[in-house]
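Worksheet: one structure, shown below.
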Amino acid sequence: MWKLLKTNFIIEKTSKKNIFAFLFVALFVFGLAIYMENEDVGNLVIKKTSEFQNLESAVSQFQVMDATKEGGSSEIYQNIVQQKRLVALQRAATNMNRPDMFVDTAIDLAKLRDEAFKLDGYEEVAVYLPTQTQNVLETLFYDHLKELEFPIFTDSLSFYQFLIFLFGILGSVWFVFLALFTSGIMIDDFRHTSLIKGYPIPFDQYVTAKGISTMLIIVVFILELFLCSLPLIYLRGLGDASYPIAVFDGNYEIYSIAQYIGVCLLYMFCIGIFVILLSIILNVLLKNMYLTLFVQLFLYAFPILYPRIISLLPFNPFNYMNFANLLSGKSLDLPHPVELDITFGLLSIVISIVLMGIVIKLFLTTGKLRRV
């Protein structure tokens, strides 16, 4: 088995498809860093300017011009005008390098937004304001910053801060990337049976070795993400691995950057095994790489296109493939909100892996998956 694994790995690492995939991953990381630099991602002045413009748009929905307590304006109008004032203060605090003022104002702003959710007319301006989930996460984040006196002004291109942005993007594309990469995992073996007829080992060992070598390539992809990010340590600094991030993991919690990355890596590893096994099964059933890819992407997109299915089938492993959205509590803002737990999500994926492993074993023992 070890010799077969070694042979497969040598073949895989020299494959044109794999070389292209390695280049794509490297270009993705470098391109993301260049994009963040050019767009000044993480700049609080730009962020607060955008928030201010959204509040301006919200105010424009009202005809009443008097926002004083004595005036005839609605409570939601008064609330939004007060939010504008606080956002303007945050912009000023950023320009004056006053992190204490910024954090205090952020906490007051979160309280105002919490009040706005309960006011009549909120639905008319909801599109211009953060969701309730986002507001709870921001409240938790800024309360934690104030309590432990963490700095608010950080370089988003320092190593650890960049990884947060990187894994946030990967959450949306990791499954799709792996589906593209593995969709033809057994197709060549079905088309060119002479490639495997000469192997002096049982076919089940060959299939196992094929899956393991593919998973090793995926692990190399993950390592490549870190290696390509290392130059940022020299260019922009290491950052702080203990810096807090507010997440929803079934409850609203504070994670350190290191914890957040650890959860993401665990999901990426499990999703890698999941996609490999799913590709093998679909290759056996469909005998076509493009149909395999279509089915995989359909299963991934179905809960996104029809979010009602998430609350009806919370154990569906495809609900948990976008781990970044999972940790940001996006499921709480759906028309039919559902609390997706990261532990339950991992359990769902692991159970699916076990079941697919059993299915593949049945294919092997019944002759469905065999040397042709």
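Cβ atoms here come from the backbone N, Cα and C positions, even for glycine.
Positions annotated as transmembrane segment by TrEMBL: 20-36 (among others).
What TrEMBL records for 159-181 (among others) is transmembrane segment.
The transmembrane segment annotation in TrEMBL covers 215-237 (among others).
Counting only same-chain residues 6+ beyond the ends of the transmembrane segment (257-282), those with a CB under 8 A from a CB of the stretch are 160-161, 163-164, 167, 170-171, 174-175, 178-179, 182-186, 207, 211, 214-215, 218-219, 222, 239-243, 245, 247, 249, 291-292, 295-296, 317, 320-321, 323-324, 327, 342, 345-346, 349-350, 352-353, 356-357, 359-360, 363, 369. As annotated by TrEMBL, transmembrane segment applies to 257-282 (among others).
TrEMBL lists 289-310 (among others) with the feature transmembrane segment.
Beyond its flanks by at least six residues, the transmembrane segment (342-364) meets 203-204, 207, 249-250, 263, 266-267, 270-271, 273-274, 277-278, 280-281, 284, 314-317, 319-320, 323, 326-327, 370 of its own chain at Cβ-Cβ distances under 8 Å. Annotation comment: TrEMBL describes 342-364 (among others) as transmembrane segment.
The list of residues near the transmembrane segment (215-237) in space but at least 6 beyond its ends in sequence, with Cβ under 8 angstroms from a Cβ of it, reads 9, 12-13, 18, 21-22, 25-26, 29-30, 33, 155, 157-159, 162-163, 166, 170, 178, 181, 265, 268-269, 272-273, 276.
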